[in-house]
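Trainee: As annotated in Swiss-Prot:
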- ASP102: active site, proton donor/acceptor (ACT_SITE)
- LYS167: active site, schiff-base intermediate with acetaldehyde (ACT_SITE)
- LYS201: active site, proton donor/acceptor (ACT_SITE)
Amino acid sequence: MTDLKASSLRALKLMDLTTLNDDDTDEKVIALCHQAKTPVGNTAAICIYPRFIPIARKTLKEQGTPEIRIATVTNFPHGNDDIEIALAETRAAIAYGADEVDVVFPYRALMAGDEQVGFDLVKACKEACAAANVLLKVIIETGELKDEALIRKASEISIKAGADFIKTSTGKVAVNATPESARIMMEVIRDMGVEKTVGFKPAGGVRTAEDAQKYLAIADELFGADWADARHYRFGASSLLASLLKALGHGDGKSASSY
């Protein structure tokens with residue numbers, strides 16, 4: 001197996017196959033569930049808006065892949081600093097049956113100098129998730145933070161407040177995941193000594209098998225080749241799947257989505 005094939009197979013099994021569009025429908029989510037079951041294995045999860053969780057759960061079960069996890073988003077995509085609303089949305093997502101919640105960190109508040117509200121928001125959402133055995137990923141929106149010190153600080157605050165994963169981006173701003181921001185965030189995980197318990201998720205802009213290979217190489221360099229499993233690493237993407245399948249000899253690499 002070539003290096004690209006090997007990394008593509010790894011990446012496919014680490015995907016949170018995503019649709020977070022304003023025009024999402026039951027039909028589109030059902031199609032996403034079907035795509036998550038591929039000829040070479042399943043994606044780790046799908047990521048959808050909360051209202052679609054019941055139909056996704058039913059579809060995944062009916063197609064014989066109940067183990068594919070369902071992730072959803074809260075405080076999304078704006079990252080406002082209203083803890084009460086973020087917590088209510090997170091509780092609602094859990095009630096819908098989410099296995100994982102990707103909450104947006106109040107990054108604008110941090111940029112304005114407020115470190116406390118981010119900690120408190122993540123901590124409140126973590127407590128709700130932990131009580132229901134739901135994984136919490138925290139989106140810090142690196143493309144808006146821009147500054148390395150801010151990216152580092154948002155990562156540290158999220159981890160201290162209990163994040164199970166730190167995630168680069170919503171996919172809804174001009175700049176999403178970059179290898180540079182990925183390295184900074186994974187270095188924080190390493191420097192805080194939390195690589196056993198905290199994972200990393202680049203999202204938005206990871207579109208090709210070659211892109212995925214680059215991101216996995218950074219993880220391998222920092223943590224060794226065995227670290228990036230589904231408990232420690234995810235790719236938030238949709239168009240990536242077609243490219244990975246093409247690299248693995250399935251399909252033409254064309255995708256209907258840009259995430």
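Cβ atoms here come from the backbone N, Cα and C positions, even for glycine.
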Trainee: By a simple count, how many Cβ atoms lie within 10 Å of the Cβ of LYS201 (active site, proton donor/acceptor), its own Cβ left out?
Mentor: 27
Trainee: DSSP three-state call for LYS201 (active site, proton donor/acceptor): helix, strand or coil?
Mentor: strand
Trainee: Take the Cβ of ASP102 (active site, proton donor/acceptor) and count every other Cβ within 10 Å, whichever protein chain it belongs to.
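Mentor: The answer is 28 other Cβ atoms.
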Trainee: Just the number: how many Å between the Cα atoms of ASP102 (active site, proton donor/acceptor) and the residue listed as 'active site, schiff-base intermediate with acetaldehyde'?
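Mentor: About 8 Å separate the Cα atoms of these two residues.
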Trainee: I want to check the contact list for LYS167 (active site, schiff-base intermediate with acetaldehyde): same chain, sequence separation of six or more, C-beta distance under 8 angstroms. What comes out?
Mentor: ASP102, LYS137, VAL138, ILE139, ILE140, PHE200, LYS201, PRO202, ALA203, ARG234, GLY236
